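Trainee: What TrEMBL lists as domain 'RCC1-like' is 119-453. Here TrEMBL flags 135-186, 187-240, 241-293, 297-350, 351-402, 403-469, 470-505 as repeat 'RCC1'.
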Amino acid sequence: MDATTSGTPTIQYHHNIPDQPITTAIVVATPIPTFQRQQRHCFGDASPGEFPLQPANFAPDFDLSLSEIAALDMCQKRAIFKPMSTEQREDLKRRCGGSWKLVLRYLQAGEACCRREKSQAIAGPGHSIAVTSNGVVYSFGSNSSGQLGHGTTEEEWRPRPIRTLQGIRIIQAAAGAGRTMLISDSGQVYACGKDSFGEAEYGGQGSKMVTAPQLVESLRNIFVVQAAIGNFFTAVLSREGRVYTFSWGSDGKLGHHTDQSDVEPHPLLGALEDIPVVQIAAGYCYLLCLACQPSGMSVYSVGCGLGGKLGHGSRTDEKYPRLIEQFQLLNLQPMVVAAGAWHAAVVGRDGRVCTWGWGRYGCLGHGNEECESAPKVVEALSNVKAVHVATGDYTTFVVSDDGDVYSFGCGESASLGHNAGIDEQGNRHANVLSPELVTSLKQINERVVQISLTNSIYWNAHTFALTESGKLYAFGAGDKGQLGIELVANQTERGNPERVDIDLG
């Protein structure tokens, strides 16, 4: 701590949270004249002028420690934190464990695993959504229910901006069968396509189709930061880390009994009521929640347990969220979760990858097609430090810290990116039982930061690879225009990644 001539304290806070970029914040408790001061304690040989002092964004609270004041100042820089009232902030602080440092960790964890406020691409069932770093939304592909949001039901073979969202910054997107959900930086949710939150993909449609994004009125009073669309239900995550779900009928699989056409959100009851969640992931008939607690990160699951995909060592259903205990036994801190249609995956803080659930086509990466009812480390990736994982219908992708991409599982529709051609049995696309480097992505000489692939049992899969510079590459099924690339006559897919004519940077 330094002192000015007025005696008002300032703070030099060097933040180094594991797996997060090193960040430095210099906080002044009140806006005062500053003088040149020694900064070698935090910055080595850096000169004082390289790190000018900035006023704090809040009134001084002399009951807080220096590190708490610095953490609060860094929280203030987050878009979802800025508009919160004092009461809302205190509630979030209580939910996170009672300190601003824990609140900061919660906010950073959500940013890291969800690409919140960053560019992203979503490979939905037959249609695709792309969001630029500035929050502009493009859509393309199948449009039978108006899910592209352009006011029509015509297919689009090239990325087209959704004009009615002009002036609204979108920070997150989700795509389900015939449905799209878009979340703005003010926490509002816009939806287009099927007028339902919980219908099966080939069940009857809702009472009407919505062909342009409309505000979801039932969520108006909830500041939403993420949405996840399963086959029978939809889930949303609030800024405070609370999970809400829609539909799934009267059998109470999510802890409440509702009509399948229910449009009112219901809080997810049980173990997570007082534990903040940073990420949700929806499979065909189950939900995963990545929770942030003072003791560390953990994963809870709820829904249908067939195939062991809930990760509890059994195949029984869970009506309320239940902690997956296996990660403690593995000494693994989960940082990212992914829910495929029938299997799931997690990336740990140390870069290890775990998979579990149905093992068909080798989608678990353990060299066989056996089911695993509890998370199991993918040993074939022991020399790879993973930072991102994506799952689909019996397909898994892993991104390493140096941007390499590995895939395994079902090779149908060339969605794995290996383009091996016809194998010895005459199959055009071979299944992959253990992780293989996607060499076709290595050849683009760009660092991949996100993979998205179709998570549907009814649609041929396609895959997006987003690079650090904002370039988007696509491969897999493209018969409805979902690749954003024009195909030649009689062509229905692309085996090698091809650049989509859109810049998301």
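Glycine too: its Cβ is placed from the backbone N, Cα and C atoms.
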Trainee: Given the repeat 'RCC1' (470-505), which of the listed stretches 135-186, 297-350, 351-402 has the most Cβ pairs that are under 8 Å apart from it?
Mentor: 135-186
Trainee: Compute the average pLDDT of the predicted model within the repeat 'RCC1' (297-350).
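Mentor: Looking only at the repeat 'RCC1' (297-350), pLDDT averages out to 96.
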Trainee: Pull the DSSP breakdown for the repeat 'RCC1' (297-350) and write it out as helix, strand, coil residue counts.
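Mentor: Going by DSSP assignments, the repeat 'RCC1' (297-350) contains 7 helix, 25 strand, 22 coil.
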